[in-house]
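See structure below.
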Amino acid sequence: MVTAHQEEDSTSTYSVRDPLVRGGRPSSPIHVAYDTINHAHPWKDKKCNTSCDGLSSNEKNKVSYWSLLSQNRNFRWYLLSYLITHAGEWMTYIASLSAIEHIHSSNGHVSRTSISFLAILRLLPSALFASIGGVLADSYDRRQIMFVLDCTGAVVAWLYILSYYLGSIYALYVATLLQMTVAALYEPSRTAIVPSLVIEEDGLKKAMTISGLAWSVMQAVGSSMGGLLTQWVGIQTCFAFDSLSYLVSALFIWKIRGRYIPVEPDEEPQIRHKTNDSEENTKIYIDASNDDESKLSFANFSSMTKDGVVYLRSQPWGAFIFLKFCAALIYGASDILNVSFSEQGVKNALDMEGSSQRLGIIFAFVGIGCFIGPILAEPWSHMDNVSSLERSCLISFFFMALGCYGMSQFDHFIWICISTSVRSAGSSVVWIYSSLLLQKLSSTSMLGRVVAVDYALAMLSESVSALLGGVLQDDARMTAAQVSLLMAIVASATLVIWGMYFSRVRNDRHE
């Protein structure tokens with residue numbers, strides 16, 4: 001892994017990580033020592049020589065989507081792992097929702113609160129355990145952490161099959177809690193490893209966009225397949241596929257080369273290399289060794305967590321960790337609302353025939369919106385301009401409000417799906433671009449903990465929203481349309497608040 005440095009952005013007062021080359025000189029020891037391919041960043045094969053002198057800094061670092069995917073082998077394996085994991089998770093989520101509906105329908109009543117509890121159990125572990133995952137990501141090889149947790153997830157997935165065989169919702173809750181605990185530990189390492197796989201800022205932006213698009217595609221494909229498979233071949237098949245997806249993901253992670261231990265900017269990594277006879281290029285490995293053998297001690301965990309909080313409070317961009325928090329407060333109830341919308345038009349509410357398929361269609365439209373949003377925002381945002389990333393987030397809150405309002409006004413199923421896509425397009429851009437802001441502005445040694453706090457706050461907010469989505473329908477007797485209107489109001493208020501904040505930040509930046 002290549003260490004990251006701090007540099008002043010010409011367009012803002014924030015301190016940012018520098019690109020590969022700074023001031024005409026390589027910024028990393030690995031590029032000082034070697035002129036050959038770095039397989040952690042194989043598409044940046046050579047140092048920029050005199051032939052680049054006529055290009056601007058942006059043109060030198062310009063990376064296309066095709067070059068990123070075709071030449072960066074490690075990122076390809078990462079992306080394949082990401083795709084297969086999320087396909088399995090979405091199939092399991094749809095199957096879990098259908099399982100709860102089937103179990104409850106046998107008792108003559110479908111409880112929205114029970115579905116809310118499932119959503120909360122999927123989210124709450126991230127709020128509780130993401131900080132531990134952040135410390136792990138900043139202490140150990142991030143690739144190895146991901147591999148071990150993928151293997152663990154494959155075992156946990158079989159508990160879903162057992163819970164459905166027993167016909168126990170509580171056993172299903174336990175399986176969900178364990179699986180999401182694994183995911184909470186996994187997420188900080190998954191997010192923090194990307195800047196090590198793709199070091200140029202333009203490439204990093206495209207890598208995060210591709211990851212967001214991959215998530216969207218897998219939501220559309222995985223949820224649709226989940227809805228169809230639960231109807232055609234049974235819920236257990238979806239759970240079995242999820243277990244298999246973890247093993248395939250672990251294989252892809254294993255094929256990523258190099259070590260990915262975070263190091264401080266002023267640390268000099270130990271470099272060793274060897275030649276593979278099957279390839280002409282030199283493989284370069286970075287070994288950032290650490291002699292501390294008590295990384296998992298409670299005292300060290302507390303100290304690292306405290307350092308992360310202090311670091312965030314000391315940064316002028318620290319408030320950006322609340323971008324996902326605000327977005328999650330809006331879209332968190334959508335999963336519960338999707339179940340309600342999927343049952344509209346079904347003659348017998350207790351007859352689940354067709355409901356699972358309609359639920360899969362709604363989630364597919366969520367994926368379509370998440371796919372379209374980043375594509376539309378990409379030309380208008382630039383990694384060397386923090387304000388453009390902030391502006392994209394702000395506009396996205398408007399689309400979230402618009403989509404939620406449409407969900408509250410339309411009765412026809414297809415228009416509900418379209419409104420859902422508009423809402424999800426906004427939430428997808430906020431999620432991706434808030435991550436980009438943190439990855440751009442945070443130091444490498446703190447990134448795992450920063451991502452963990454950001455992720456934990458988002459999951460906590462989404463949990464609260466999901467709970468309210470169920471309680472408001474069950475206890476307050478609000479309809480799905482009325483809850484959607486409430487979400488639109490919250491989104492509008494959030495738009496105003498962040499608009500005022502970004503305006504003040506821009507004024508401070510120009511003073």
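Numbering starts at 1 and runs along the chain as it is shown here.
Positions of Cβ are set from backbone N, Cα and C atoms, glycine also.
Per TrEMBL, the stretch carrying the note transmembrane segment among 167-186, 447-466 is 167-186. The transmembrane segment annotation in TrEMBL falls on one of the ranges 232-254, 416-438, namely 232-254.
Ranked by the number of CB pairs under 8 Å to the transmembrane segment (389-407), the listed stretches 115-137, 167-186, 232-254, 359-377, 483-502 are led by 483-502. Between the transmembrane segment (359-377) and the stretches 115-137, 321-339, 483-502, it is 321-339 that has the most C-beta pairs under 8 angstroms. Here the transmembrane segment (167-186) has Cβ contacts under 8 Å with residues 89, 92, 96, 99-100, 103-104, 114, 117-118, 121-126, 128-130, 132-133, 136, 145-146, 149-150, 152-153, 156-157, 159-160, 455-456, 459 of the same chain, all six or more residues outside its ends.
For the transmembrane segment (321-339), the most Cβ-contacting stretch among 115-137, 232-254, 483-502 is 483-502 (pairs under 8 Å).
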